[in-house]
């Protein structure tokens with residue numbers, strides 16, 4: 001009996017206290033072996049890694065869109081998809097992102113798979129075209145290999161691919177016109193996403209993929225619209241932005257631009273489904289002053305009485321265009337209003353109340369129908385169009 005009691009007391013003194021130490025030792029040995037085999041940083045405690053996992057952003061250069069994204073811009077080290085109908089402003093939005101990255105001293109690359117980049121228009125948007133890296137690849141494989149090489153260099157801050165729909169697989173180009181190529185583009189994009197996601201995160205590169213819309217045949221209920229390139233990009237993208245033209249901006253009978261609506265349909269870094277509206281003027285790009293005036297009015301930072309705009313007791317002008325002209329002559333006032341808007345919205349996490357501007361368009365929504373068009377040949381990835 002005494003022997004059993006002594007053994008129990010020994011277990012209490014030694015066994016149970018030694019066991020956690022043994023586990024900790026085994027864990028440390030395992031961590032050392034992992035780092036030895038795969039390099040330092042292959043595994044670490046989240047508390048140590050947290051500093052490297054904080055979200056860094058690149059401003060879009062479009063104030064309402066920065067606010068809608070919830071973190072002040074697009075996240076670095078992530079994949080972003082910008083999609084929408086034709087002539088909705090997708091490339092314009094992407095070029096503004098490039099311009100902002102360059103202003104911050106970053107290096108940008110543009111993969112022009114559509115062979116449609118206008119250098120003069122890019123310059124007007126603020127892009128430094130002398131330093132912008134541009135590639136016009138012949139095939140989808142070539143385009144994605146160039147993206148892979150640039151991202152691996154760890155020297156690129158933002159890379160834009162325009163567009164996914166134009167990433168044509170080599171086998172399709174070499175084949176006959178009209179030959180079936182079901183699932184080829186989806187397979188290409190799926191492989192590219194698997195290869196690129198990890199290195200994009202490690203190098204803190206913002207990878208922006210512009211995409212087009214197609215309509216599925218025979219859809220009676222639900223949204224028939226679907227993006228090209230299969231499902232992979234939808235899953236791997238941290239942010240998906242749906243860009244659509246909401247209304248025309250006119251002065252008399254002359255069209256000056258478009259009122260554009262951008263909806264965040266997916267967001268892994270902030271709450272999704274927020275909407276931003278801004279003006280895209282022909283030949284000029286997104287009107288920064290127009291966005292500042294609109295958001296200033298919504299947040300009661302800029303006063304509007306009838307058609308007159310004023311700020312801090314200073315009259316800016318009658319009508320939006322006159323108010324913009326006044327602000328152009330006072331850059332310090334522009335900066336002051338913009339800072340107040342950003343502080344109020346980003347600090348408090350508020351969303352401005354939308355006022356009726358332009359016609360309402362049905363936002364692009366992912367439904368069960370969007371996942372129905374799966375290729376019979378490759379059910380894991382879906383059809384490319």
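Note that Cβ sites are derived from N, Cα and C of the backbone, with glycine treated the same way.
Quick look at what TrEMBL annotates:
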- 84, 85, 86, 87, 88, 89, 90, 91: ATP binding site (BINDING)
- 54-213: domain 'RecA family profile 1' (DOMAIN)
- 218-291: domain 'RecA family profile 2' (DOMAIN)
- 1-22: region 'Disordered' (REGION)
- 345-385: region 'Disordered' (REGION)
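For the ATP site, the Cβ centre of 84, 85, 86, 87, 88, 89, 90, 91 serves as reference, and the other residues of the chain with Cβ at most 8 Å from it are 243, 244, 245. Listed in sequence order, the residues of the same chain lying 6 or more apart from residue 87 (ATP binding site) and placing their CB within less than 8 Å of its CB are 245. DSSP assignment over the domain 'RecA family profile 2' (218-291) gives 9 helix, 39 strand, 26 coil. Residue 91 (ATP binding site) falls within a helix when secondary structure is assigned with DSSP. Residue density at residue 85 (ATP binding site): 16 other Cβ atoms are found within 10 A of its Cβ, drawing on all protein chains shown.
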